[in-house]
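**Student:** Handing you a structure now.
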Amino acid sequence: MAEGSQSAPEAGNDMGNDDAIGGNVSKYIVLPTGYCGQPKKGHLIFDACFESGNLGRVDQVSEFEYDLFIRPDTCNPRFRVWFNFTVENVKESQRVIFNIVNFSKTKSLYRDGMAPMVKSTSRPKWQRLPPKNVYYYRCPDHRKNYVMSFAFCFDREEDIYQFAYCYPYTYTRFQHYLDSLQKRNMDYFFREQLGQSVQQRKLDLLTITSPDNLREGAEQKVVFITGRVHPGETPSSFVCQGIIDFLVSQHPIACVLREYLVFKIAPMLNPDGVYLGNYRCSLMGFDLNRHWLDPSPWVHPTLHGVKQLIVQMYNDPKTSLEFYIDIHAHSTMMNGFMYGNIFEDEERFQRQAIFPKLLCQNAEDFSYSSTSFNRDAVKAGTGRRFLGGLLDHTSYCYTLEVSFYSYIISGTTAAVPYTEEAYMKLGRNVARTFLDYYRLNPVVEKVAIPMPRLRNKEIEVQRRKEKSPPYKHPLLRGPASNYPNSKGDKKSSVNHKDPSTPF
């Protein structure tokens, strides 16, 4: 959750000394008590020593049940939400229950039907587990902390299975994406390195606009967008990519926006935290979104660099910083929505509500009713609050939140789980909304994004998919009663609002 605050007594589940966790597990083999010799098929091997991985400890409870401990953020034991690990050396038809036992938050979308993500080497596309096999409850065996348990059936012995809290989006993937954009040699796309993280990873800054807007002495209307200040909030990167993809496209709306506006985008403010698999903090254990007031060039170098640039633009008489949008993901609420500021100037406050209202009209997954405006003292160090107080009355600062789980279409009660594409679609709709805000509609007709033309072979494949039902993982073919009971699941019930998605 982007702007949520957890004081020490309310930090969530307790983690006692017996739960002390160091780094990630590395090819950790779980052997039965008293067993000697080489591991056999079915003796699971856990690993999280890879980019954005997180799993700190594994305890075998029984032949089929395992307690899994999230590794806390580096240098900060308070935050334990993100997990991302692999399991191999499985046996065909082996059924297991995994219990994530040390979440630092008590409130969770797991209560509403959210489920972990899974993929395997032979099925590399991420999918959500069936909600009917996921349980979220207070567990007496873990000091009545909240535990998330899920049942799973391994079906292919040669596969390596990967489980994650949400769709991963790594630093390396991000760099490859920017490299691919740079190779296109677009005269309206500019990439520069604004600075480096503590571990010397790049702080990329993108500028997307018509070259005419960058000529010396040209006046600029700037929209500044940041993302991934909290590394575990991976939907932020997908939304940001959707914004970028749309702005660099040849869509008529994108062409008009580039002529009228200058988009400055810093898509990954916390590259070290992303790489390390942290949920909220940087390498040194700082929540960067609480240090906008006085960021250190040594401790918070990426934040320091972005703040310096924004202040420099603010002081430039030729530059009008119109918008600042910081993109996050939310762990307890549905839909996309925004946080804004409260101002003494009533007219400015009312004008601030225009953009989210327009976005609500353009994006079915964005909720204006969930959008709120505040000046809570504990949020003073956030980008939204700090810049809202620094910039003048013509500037508007928002936190854009998007659910880790799903959105509810207006007029219905059904929860639609987010996909990578759905997150990126929200990003495209954010970009399109600037056309409405600046009333540029007469310049270009509002048209839907054209569908890509398919070759004959692709058309035939698509037709077959439409005629035949999708492949179902064996996990979905049997009733939930086939799975062994998890500790405490008899007392727990989950109100699942969405249909299960096949793996």
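The backbone N, Cα and C atoms fix where each Cβ goes, and this holds for glycine too.
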**Student:** From the candidates His142, His304, His328, give the one listed by Swiss-Prot for the same Zn(2+) site as His230, Glu233.
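**Tutor:** Within the candidate list, Swiss-Prot flags His328.
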**Student:** Report, in whole Å, the straight Cα-to-Cα distance of Glu401 (active site, proton donor/acceptor) from His328 (Zn(2+) binding site).
**Tutor:** 5
**Student:** Quick check for the class: what is the C-alpha distance, in angstrom and rounded, between His230 (Zn(2+) binding site) and Glu401 (active site, proton donor/acceptor)?
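**Tutor:** That comes out at 12 Å between the alpha carbons.
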**Student:** Provide, as an integer number of angstrom, the distance between the C-alpha atoms of Glu401 (active site, proton donor/acceptor) and Glu233 (Zn(2+) binding site).
**Tutor:** 10
